[in-house]
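Undergrad: Before we start, here is the structure in question, set down as structure tokens.
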Amino acid sequence: MKKQFSSLVAGLSCTLVMMMATPVMGQRFSEEMINQGRYLATASDCIACHTSDKRKPMAGGHAIDSPVGRIVATNITPSRTFGIGNYTEQQFADAVRLGVRADGARLYPAMPYTAFSYITDEDIHALYAYFMEGVKPVDEPTEPTELPFPMNIRASMIGWNFLFANTRPFEPDAAESELWNRGRYLSVGPGHCATCHTPRGFTMQEKTGKALQGAHVGAWFAPDITSSSVNGIGSWSVEELMTYLATGRLEGKAQAAGPMAEAVTHSFSRLREDDLRAISTYILSVPPSDPIPSVTENRFDHGGPGDLLVDFRGTSYEDGMRLPGLGRGAQIYSANCASCHGYEGQGTRDAYYPSLFGKSITGGTSTANLIAVILNGVERETPQGGHVFMPPFGDQDNAMVPLDNDEIAALSNYIFTFYGNPGLSVTPAEVQVIRDGGPKSDIVLIARIGLAAGVLVVLGLGVWLFRRRRANWG
Ligand code: HEC
Ligand code: HEC
Ligand code: HEC
């Protein structure tokens, strides 16, 4: 009896193990494989770009503002008509790692395949399993990407890839620890930190030798996160960086808004603690950027509490708006910001409403993020940090108190002078650039001129050849 029972248990657990390891009827992949793929998709933040409607994850439609125009991320659900349902694993691997679509067309590097080239075969297999069987198919098309000529010629990416895409597989460095290697894999590959944080050259390639030294991402600026203690985050500990990645804030130093808030919300805050430790260990080992003569103070050390408001007690708002210099900014600040961030920019004691001094956003070298935060507000949601929200002030139709370019410039100048890097200043025209999605590149113009020059050279060559042949004949 006892023996029968134990063999029954053994039999049952054997079936159970088999059930876990083998796919459910009609499925090609095991739950375990699909879950591994889901975790990797989270670490790679596929959802941030490939989702525009929260109810339809991965169905695409979200447009990425690139310096050459808007590039629409496609539907990557397993829909056979509008998604990637017909992709084989090899085609999927080539799209993700090499930027080649199933029909052979080249993808624009707005899809970070240059980073994803690092993803191992095993992880590609898991990702494929997840996209084929863990994502719900959505049978809807996305808007086409329409870039200006000549960027609309996808084949031009073949040349670009040849010159710049350092698509290389991940190779562990035997001299480093397992934790560091895992961190490098996740940061360089799936986490694609460099896509946003590494400056790009004039043909949009990531500058080699300048890894993570700070770059514009649309309207935003992703700061230097090298180990330099003046320009970068060399003053942060591994635990501090882990806290920032998990919650999107590090009290007294920085908060994540814009694209970083999205990455924290969908990706980094959902990673296992050991993986966050690995990423942080690796990032803090990245070589420091070269000193910049104009930057002598760390961006987390600028500014202090203070205000100009005492000077204007009793001045009406309308009169205040006519004040010269910083007075106008002070009035705008007290009317719109002080209720949450404090009359002296000190924030609240629990730091839910952060102080504005000693912060990366006001003490850095770029004015973009302060303008972008005023225009767009802040929104972030993490398991540990809850829902964080600051209202936008830029939307002229929907903001409770819309501020125009002039007002935002005056307000920013007040904030930089009192709470941040007093060397920074903002003009209304610069606010408009951020409203429009950030600085545009001259690359389209250059490519057009380049193309025209190319055509002229070919024509000239043709004429010359023609004449020579005529000369020879004659
Ligand atoms: C930073 C934004 C971004 C991220 C992150 C991203 N993608 Fe993309 N992806 C794009 C864009 C944009 C396109 C369309 C590019 C084009 O049209 O040239 C694209 C295209 C694709 C395509 C080609 C589909 C087709 O047939 O048009 C596949 C497959 C794909 N992505 C898979 C993924 C997977 C899997 C992940 C996560 C591992 C991912 N992407 C993460 C932006 C992104
Ligand atoms: C989609 C673009 C994007 C990606 C991907 C991204 N970042 Fe960021 N990151 C930003 C932006 C933009 C900011 C500035 C946010 C702000 O100040 O509100 C930022 C800020 C930060 C900061 C704070 C620096 C400071 O001084 O405030 C750290 C640290 C950071 N990122 C680390 C990382 C790491 C590590 C990765 C990869 C694992 C990563 N980021 C991936 C865009 C990105
Ligand atoms: C209703 C309350 C509220 C008001 C009003 C408000 N803020 Fe905020 N602000 C917040 C919250 C909440 C955050 C996000 C804190 C976090 O990220 O953890 C924030 C964050 C910020 C940040 C830091 C963002 C970053 O990426 O580091 C700046 C700068 C800022 N606010 C400036 C302003 C200015 C300027 C105004 C006035 C135009 C203003 N805020 C009005 C609540 C408010």
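Any Cβ shown, glycine's included, is placed from N, Cα and C.
Copied straight from TrEMBL:
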- 1-26: signal peptide (SIGNAL)
- 32-135: domain 'Cytochrome c' (DOMAIN)
- C46, C49, H50: heme c 1 binding site (BINDING)
- 178-287: domain 'Cytochrome c' (DOMAIN)
- C193, C196, H197: heme c 2 binding site (BINDING)
- 324-419: domain 'Cytochrome c' (DOMAIN)
- C337, C340, H341: heme c 3 binding site (BINDING)
- 445-466: transmembrane segment (TRANSMEM)
Undergrad: Let me know the most crowded of the binding-site residues, choosing from C46, C193, C196, C337 and counting other Cβ atoms within 10 Å.
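TA: Most Cβ neighbours within 10 Å: C46.
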Undergrad: Round to the nearest Å and give the CA-to-CA distance linking C196 (heme c 2 binding site) with C49 (heme c 1 binding site).
TA: 13
Undergrad: Please list the binding-site residues from C49, C193, C337 whose Cβ falls under 6 Å of any atom in ligand 3.
TA: C337
Undergrad: Specify the count of other C-beta atoms within 10 Å of the C-beta of H197 (heme c 2 binding site).
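TA: I get 25 for this one.
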Undergrad: Of C49, C340, the binding-site residues given in the record, which has the fewest other CB atoms within 10 A of its CB?
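TA: Comparing Cβ neighbours within 10 Å for the binding-site residues C49, C340, C340 has the fewest.
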Undergrad: Cβ within 8 angstroms of the Cβ centroid of C193, C196, H197: which residues besides those meet this for the heme c 2 site?
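TA: Near the heme c 2 site, the remaining chain residues are H192, A194, T195, T198, L212, A215, A222, I225.
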Undergrad: Take the domain 'Cytochrome c' (178-287) and average the pLDDT across it for me.
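TA: Averaged over the domain 'Cytochrome c' (178-287), the predicted model reaches a pLDDT of 95.
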Undergrad: So which of C49, H50, C193, C196, H341, listed as binding-site residues, have a Cβ under 6 Å from an atom of ligand 2?
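TA: By the Cβ criterion, which requires under 6 Å to ligand 2, the hits are C193, C196.
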Undergrad: At the Cα level, what's the spacing in Å between H341 (heme c 3 binding site) and C46 (heme c 1 binding site), rounded?
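TA: A Cα-Cα distance of 34 Å.
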Undergrad: Enumerate the residues of the same chain, C337, C340, H341 excluded, that satisfy the criterion Cβ within 8 A of the mean position of the Cβ atoms of the recorded heme c 3 site; list them in sequence order.
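TA: The answer, listed by sequence position, is Y333, N336, A338, S339, G342, G345, G347, Y353, L356.
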Undergrad: Measuring Cβ to any atom of ligand 1 with a strict under-6 Å cutoff, which of the binding-site residues C196, H197, C340 qualify?
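TA: Cβ < 6 Å from ligand 1: none of the binding-site residues.
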